[in-house]
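Feature annotations, courtesy of Swiss-Prot:
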REGION    1-27  region 'Disordered'
MOD_RES   K17  N6-succinyllysine
MOD_RES   S62  phosphoserine
MOD_RES   S72  phosphoserine
MOD_RES   K75  N6-succinyllysine
BINDING   H101, D124, D128, D232  Mn(2+) 1 binding site
BINDING   D124, H126, D232, D234  Mn(2+) 2 binding site
BINDING   H126, T127, D128, I129, N130, S137, G138, N139, D183, T246, E277  substrate binding site
MOD_RES   S163  phosphoserine
MOD_RES   S217  phosphoserine
MOD_RES   T281  phosphothreonine
Amino acid sequence: MSSKPKPIEIIGAPFSKGQPRGGVEKGPAALRKAGLVEKLKETEYNVRDHGDLAFVDVPNDSPFQIVKNPRSVGKANEQLAAVVAETQKNGTISVVLGGDHSMAIGSISGHARVHPDLCVIWVDAHTDINTPLTTSSGNLHGQPVAFLLKELKGKFPDVPGFSWVTPCISAKDIVYIGLRDVDPGEHYIIKTLGIKYFSMTEVDKLGIGKVMEETFSYLLGRKKRPIHLSFDVDGLDPVFTPATGTPVVGGLSYREGLYITEEIYKTGLLSGLDIMEVNPTLGKTPEEVTRTVNTAVALTLSCFGTKREGNHKPETDYLKPPK
């Protein structure tokens, strides 16, 4: 790490219209209530909380074909992109608290305006790469990557609310980790475009250590560049993050999640982070909500240097009694 790391700006994105379930807009508040901001301030980073973005309802937001709430999702992402771009311009790491994963469109678009050479690590049970034509649900939280990829430009009609979006990443700039629920159309896209992925099968076969090694070699082998980590908490097994909208059994363990974030921290290249799909209203018990939120907090802290082996302040001699 450089002697003084970049500051962090926390941006709340309390948005739920990329999917049908209420409650995910309460994610940012739940993460803050669990002490995320205070705990981040205990790290080596300077932390500023931008607060939550205020999203206004778009009236008469009728579906586009089967795509639901297109104008609301498009407008909210446009707002988020502007704030993230401003944050990045100031040399700050953007930390977006979701909110549903459709907000990655704005988060990554805004980040790429300032760092067009960025790469994306997408941790998720799902690829979120359905297009408005391949989606069977019409929910935009299953489509953000399709809007971001240059190779899919022109492969689906213009969706109202998204005229501002310019695809900003190539198929070779993204790696998926944790996949285990991929639609046929999505599978066709990732195979056809040659997108690098580590489904749970690869995680089982290689182990998470090798997965991260290969991820970095693939994305950073030729040139070091900024990393955008987009982390859907459903990437982890529902044992650890039950309070989320689309849980899928057989996911990453708590330990594997922390290993991913510890390794990303060690590169010194993390430049943008999304912590998405925490839905405090979906836990079957209060304990399930707490477990999900605390896991999301732990993953975030790990991105900024909190290690399982422990931490100590470099300038302190802990064997000297305090005066």
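Quick reminder: no glycine exception, Cβ is built from N, Cα and C everywhere.
Secondary structure at H101 (Mn(2+) 1 binding site), as computed by DSSP, is helix. Cβ neighbours within 10 Å of N130 (substrate binding site), excluding its own Cβ and spanning all shown chains: 27. Residue counts of the region 'Disordered' (1-27) by helix, strand and coil are 4 helix, 6 strand, 17 coil (DSSP-based). A gap of 7 Å separates the Cα atoms of S72 (phosphoserine) and K17 (N6-succinyllysine). Once the Cα atoms of H126, T127, D128, I129, N130, S137, G138, N139, D183, T246, E277, the listed binders of substrate, are compared pairwise, the greatest separation found is 19 Å. In the shown protein chains, 29 other C-beta atoms lie within 10 A of the C-beta of D234 (Mn(2+) 2 binding site). Cα of K75 (N6-succinyllysine) to Cα of K17 (N6-succinyllysine): a distance of 11 Å.
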